[in-house]
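> Here it is: the structure, laid out below.
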Amino acid sequence: MDEFVIRALLAGGGIALLAGPLGSFVVWRRMAYFGDTLSHSALLGVTLGFLLGVNPMIGVMVVCVSLALALVALQRRRHLAADTLLGILSHGSLSLGLVALAFLETLRVDLMAYLFGDILSVTDGDLMAIYGGGAVAMAGLALLWRRLLAVTVDEDLARVEGMPVDALRLAFMLLIALVIAIAMKIVGILLITSLLIIPAAAARRFARTPEGMAALASVLGVVAVAAGLLASLNWDLPGGPSVVVAAAALFLLGSLVPLRR
Amino acid sequence: MSTPYPSRDTSALFAGPLAWTEDLTVRFGRRTVLDRVNIAVQPGEVVTLIGPNGAGKTTLVRAVLGLMAPDGGRVLRRPNLRVGYMPQKLSVDQTLPLTVRRFLALWRPVTADQVAAALEEAGVTRLADSAVQTISGGEMQRVLLARALLGDPDLLVLDEPDQAVDVHGQAELFNRIAQVRQRRGCGVLLVSHDLHTVMARTDRVICLNGHVCCSGRPEDVSRHPEYHALFGGHARDLAVYVHHHDHAHAEDGKVVHDHDGDCCHG
């Protein structure tokens, strides 16, 4: 097998492992659209990274977290429904990223690679970012697991029990931002959320515990990455979209399996 | 200002309440929902909040729990007070696979034995492995009681469900809570929508309508003119019932619902 294929598998597999548990939380907390909004803002982060001469991943983290905080502040004022706010921020920040990128005339950026991913050009540096950042995110998630579940079940109860609800929500947003930053290269900013929610949604029917669902989502994600990559190589298809199509196919297959009750 | 009826409970100030409010005021926009409310819950005491819809009962409970910042006055608690909160209802997203047993273990580190004991005390051992989304409203109330008990509470705060639970189930729940109170000696602060079930198991009733209209023992409050102004004809049923409050259940089983009514000032 070619080296670039192995690197692609390692990168996609690493992202899928991380996306399992985190994506389960996105599903449980009904934050799919929120994840979409954050990932759409990532392009602005990339541009910012280039402008300031720092790693684009850091730019993405900064923009995602700022957007998450802005969203929390806007929601407190309650003038508009959450989905309207998300729509404004999502498309506003994506367009702002595209416009800002156009201003960087001296820089030649492969826009398609950022929008839809470029999994076959993964570098060793990307792999280090994925597994380093992924390890940090997994450790953080493991540490906060029980309390994040409690906050997901009922925020008021968690608050009365003395849990730092706002800090936990912020920590969760940071984890999402981290995943977006490292997954951008693999599936592209337009498709990141699908890697978070499709395997988790496919795992739901077969899981009896939160951990079971998270683990199965990771496994299904890895299968989708492998299948998508193989299809992409065999038939010369775009990598990121192939992975997402494979995940969606797994979801459909899963929903056809009869369950014993 | 009306004076509390029948007499101000001064012993409260010295015995040291579990939690109390001082001129608690809460506004939603321009509307004053709670106006200089003073209440206190003593150790081992069952205090019931009654009042019409929109009287601020739930708001008062949320302020006592620290879920809502007061616009005026203060909410005070004994240092290190352990509060067990039982919300009106709990709906867990269908996508989260969660058994009752697991739900109980989310809030603090607990052992399997502790969870089993709490399930037993709340009378829901058979539900341990059920998914939380599949149990009924009444069963959920008891699971929430088990959850609160796991924190070994000094004060149990309970916002009673409106219509989700039938009268019989509600009476059973209160019997459980009365047992818990006796066994553990904890205080109970209760929001009630159903006067019949609650009155016989209450030490003190606080009649709320934006402000404290009257408070005292159930049989005294039920004779209070402001109470009658609030609950009108239903109050008569209740007074008869309270008269026989050594019986365990309401004889006619009739439910008295909250209804709108202006609270008179003395």
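Just so you know, the numbers here start at 1 and follow the chain as drawn.
Each residue, glycine too, has its Cβ placed from N, Cα and C.
What TrEMBL shows for this protein is this:
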TRANSMEM  A:6-28  transmembrane segment
TRANSMEM  A:48-74  transmembrane segment
TRANSMEM  A:94-116  transmembrane segment
TRANSMEM  A:128-148  transmembrane segment
TRANSMEM  A:168-201  transmembrane segment
TRANSMEM  A:213-233  transmembrane segment
TRANSMEM  A:239-259  transmembrane segment
> Compare A:48-74, A:128-148, A:213-233 by their Cβ pairs under 8 Å to the transmembrane segment (A:94-116) and return the stretch that comes out on top.
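Stretch with the highest Cβ contact count: A:48-74.
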> Kindly say whether the transmembrane segment (A:239-259) and the transmembrane segment (A:48-74) touch, using the definition of 3 or more Cβ pairs under 8 Å where each pair is 6 or more positions apart.
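Not in contact, no.
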> Considering only Cβ pairs under 8 Å, which range in A:48-74, A:128-148, A:168-201, A:213-233 makes the most contacts with the transmembrane segment (A:6-28)?
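Answer is A:213-233, with the largest number of Cβ pairs below 8 Å.
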> Among A:128-148, A:168-201, A:213-233, point out the range having the most Cβ pairs under 8 angstroms from the transmembrane segment (A:48-74).
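So the stretch in question is A:168-201.
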> Please report, as numbers and ranges, the same-chain residues at least 6 past the borders of the transmembrane segment (A:168-201) whose CB is under 8 Å from any CB of it.
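Apart from its flanks, the transmembrane segment (A:168-201) reaches 11-12, 15-16, 18-20, 22-27, 29, 31-32, 34-36, 38-40, 42-43, 45-46, 57-58, 60-61, 64-65, 68-69, 72, 94, 113-119, 122, 126, 129-130, 133-134, 136-137, 140-141, 144, 147-148, 151, 158, 213-214, 217-218, 220-221, 224, 239-241, 243-244, 247-248, 250-251.
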